[in-house]
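Here's a structure for you.
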Amino acid sequence: MSRFLICSFALVLLYPAGIDMYLVGLPRIAADLNASEAQLHIAFSVYLAGMAAAMLFAGKVADRSGRKPVAIPGAALFIITSVFCSLAETSTLFLAGRFLQGLGAGCCYVVAFAILRDTLDDRRRAKVLSLLNGITCIIPVLAPVLGHLIMLKFPWQSLFWTMAIMGIAVLMLSLFILKETRPAAPAASDKSRENSESLLNRFFLSRVVITTLSVSVILTFVNTSPVLLMEIMGFERGEYATIMALTAGVSMTVSFSTPFALGIFKPRTLMITSQVLFLAAGITLTVSPSHAVSLFGITLICAGFSVGFGVAMSQALGPFSLRAGVASSTLGIAQVCGSSLWIWLAAVVGISAWNMLIGILIACSIVSLLLIMFVAPGRPVTAHEEIHHHA
């Protein structure tokens, strides 16, 4: 079992590493490529677009051909495009490389969640996804620090070579450690089981909405945090970095505590707790009389996301044994596109950073609480749990 956990964690971590590690080198990248920093900030969106594009096909391929045939090319593409970005001499080539890099990371991301669906029962999967969420929270803190240390002695290209090395490690794990987990195709007489795993299932759709809104909350916070903390609250850059590190610490602590909480409380209880924390954060930020109270509201956001997201993802994947890849892709596409659409629309309409965050917090909590209360899970699928045979 440990091999599947190690491989899944490694496959997922390419996604945040590809986002956070290069940011520290952005000024030098812009100077070398004769582009403005503003022009290269689109590299973040381009990378996410590549991930979303990968999710359109990766899940279906993983369900038909297996997890390894998607993970291996995905990791290989991530390696090649990381090297390509390091060799780019124009901003156009750099952005093209970033799109393809996101494509590779997206393939790996989809496979990771499909593997966990294949090999873990509902309760263990919820615990593991909570741990994975905590580990993912470490990357936005550690990646820029690692990037800064690398750039003390090496040029910005070394950041992408470091990503390539990470990709090589994932490729080696996928080739030699990971074993195939895709369940055997059902016999002709059992096709009804495959047909019953519909993406239009009410319970699955409710969890898609909940996880998409939750991701929208956390990404809205990340995107608006410089404005909120430095422009509105007046913190210095160093203080901003410290606050963000502390919020990551809150996320990690809650994420690592959630598996223990699942041994005491029902998953539904933790999901309700998550949304109540979001609602409390929205109210706190609305009526906040001081910066200290506002910072407390921000910690509630991080705690709320960490306590509920892994559980919601586990529940979303629960009904799917034969279509776990497609389900994982659907979740990923909805989360990436839904959160990006909200942030873009809010910016176009001219909603302030403060109101943007408060609005999504309150909307997420109200909609999600209603869905948790009134959309119950169907009959669990368990026949495929614990893979004992591998292709």
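Any Cβ shown, glycine's included, is placed from N, Cα and C.
Given the structure is predicted, the values throughout are model-derived calculations rather than measurements.
According to Swiss-Prot, the feature transmembrane segment maps to 4-24, 42-62, 69-89, 93-113, 131-151, 158-178, 199-221, 245-265, 269-289, 293-313, 331-351, 356-376. As annotated by Swiss-Prot, topological domain 'Periplasmic' applies to 25-41, 152-157, 222-244, 352-355. Taken from Swiss-Prot, the feature topological domain 'Cytoplasmic' covers 63-68, 114-130, 179-198, 314-330, 377-391, and the record attributes it to sequence analysis.
Describe the structural context of these features.
When Cβ-Cβ distances below 8 Å are used as the criterion, the transmembrane segment (4-24) is approached by residues 43-44, 47, 51, 71, 74-75, 78, 85, 101-102, 104-106, 108-109, 111-113, 115-116, 118-119, 128, 132, 135-136, 139-140, 143-144, 146-148, 151, 156, 159-160, 162-163, 166-167, 169-170, 173-174, 177-179, 181, 387 of the same chain, each at least six residues removed from its ends.
Beyond the ends of the topological domain 'Periplasmic' (25-41), by six or more residues, the same chain brings 88-91, 94-95, 147, 151, 155-156, 159 to within a C-beta distance below 8 angstroms of the stretch.
Confidence annotation: the topological domain 'Cytoplasmic' (63-68) carries a mean pLDDT of 95 in the model.
Remote same-chain partners of the transmembrane segment (93-113), defined as residues 6 or more beyond its termini with a Cβ less than 8 Å from a stretch Cβ, comprise 7-9, 11-12, 14-15, 18, 29, 33, 40, 42-43, 46-55, 58-59, 62, 67, 70-71, 73-82, 84-85, 163, 167, 170, 313, 317, 324-325, 328-329, 331-332.
Helix first, then strand, then coil: DSSP counts for the topological domain 'Cytoplasmic' (114-130) stand at 15 helix, 0 strand, 2 coil.
According to DSSP, the secondary structure content of the topological domain 'Periplasmic' (152-157) in residues is 1 helix, 0 strand, 5 coil.
Remote same-chain residues near the transmembrane segment (158-178) are listed as 3-4, 6-7, 10-11, 13-14, 17-18, 21-22, 24-25, 67-68, 71-72, 75-76, 78-79, 82-83, 85-86, 101, 104, 108, 115, 146-147, 150-151 (criterion: CB distance under 8 Å, separation of at least six residues from the stretch ends).
Below 8 angstroms of C-beta separation, residues 271, 274, 278, 298, 301-302, 304-305, 308-309, 312-313, 315-316, 319-320, 323, 326-327, 330-331, 334-336, 338-340, 342-343, 346, 356-357, 360-361, 363-364, 367-368, 371-372, 375-378 of the same chain, each at least six residues beyond the ends of the transmembrane segment (199-221), sit close to that stretch.
Note: the topological domain 'Periplasmic' (222-244) comprises 19 helix, 0 strand, 4 coil (DSSP; helix = H, G, I, strand = E, B).
Remote same-chain residues near the transmembrane segment (245-265) are listed as 123, 126-128, 130-131, 133-135, 137-138, 140-141, 298-299, 302-303, 305-307, 310-311 (criterion: CB distance under 8 Å, separation of at least six residues from the stretch ends).
Sequence-distant contacts of the transmembrane segment (269-289), counting only residues of its own chain at least 6 positions beyond either end whose CB sits under 8 Å from a CB of the stretch, comprise 210, 214, 217, 258, 261-262, 296-298, 300-301, 303-305, 307-309, 311-312, 315, 354, 357-358, 361-362, 364-366, 368-369, 372.
Same-chain residues lying 6+ beyond the ends of the transmembrane segment (293-313) with a Cβ under 8 Å from its Cβ atoms: 113, 126-134, 137, 207, 210-211, 214-215, 217-218, 221, 228, 233, 243, 246-248, 250-252, 254-255, 258, 261-262, 267, 270-271, 273-278, 280-282, 284-285, 331, 361.
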Excluding the flanking five residues on each side, which residues at least 6 beyond the ends of the topological domain 'Cytoplasmic' (114-130) place their CB within less than 8 Å of a CB in that stretch?
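Same-chain contacts beyond the ends: 1, 4-5, 7-8, 11, 59, 62-63, 67, 178, 181-183, 255-256, 258-259, 262, 267, 306-307, 309-311, 313-315, 317-318, 320-321, 324-325, 327-328, 380, 382, 384-387.
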For the transmembrane segment (42-62), which stretch among 69-89, 131-151, 331-351, 356-376 has the most Cβ pairs under 8 A?
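Result: 331-351.
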Take the topological domain 'Cytoplasmic' (63-68) and count its residues per DSSP category (helix H/G/I, strand E/B, coil), listing them in that order.
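The counts are 4 helix, 0 strand, 2 coil.
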Could you give the number of helix, strand and coil residues in the topological domain 'Periplasmic' (352-355) as assigned by DSSP?
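Its residues divide into 3 helix, 0 strand, 1 coil.
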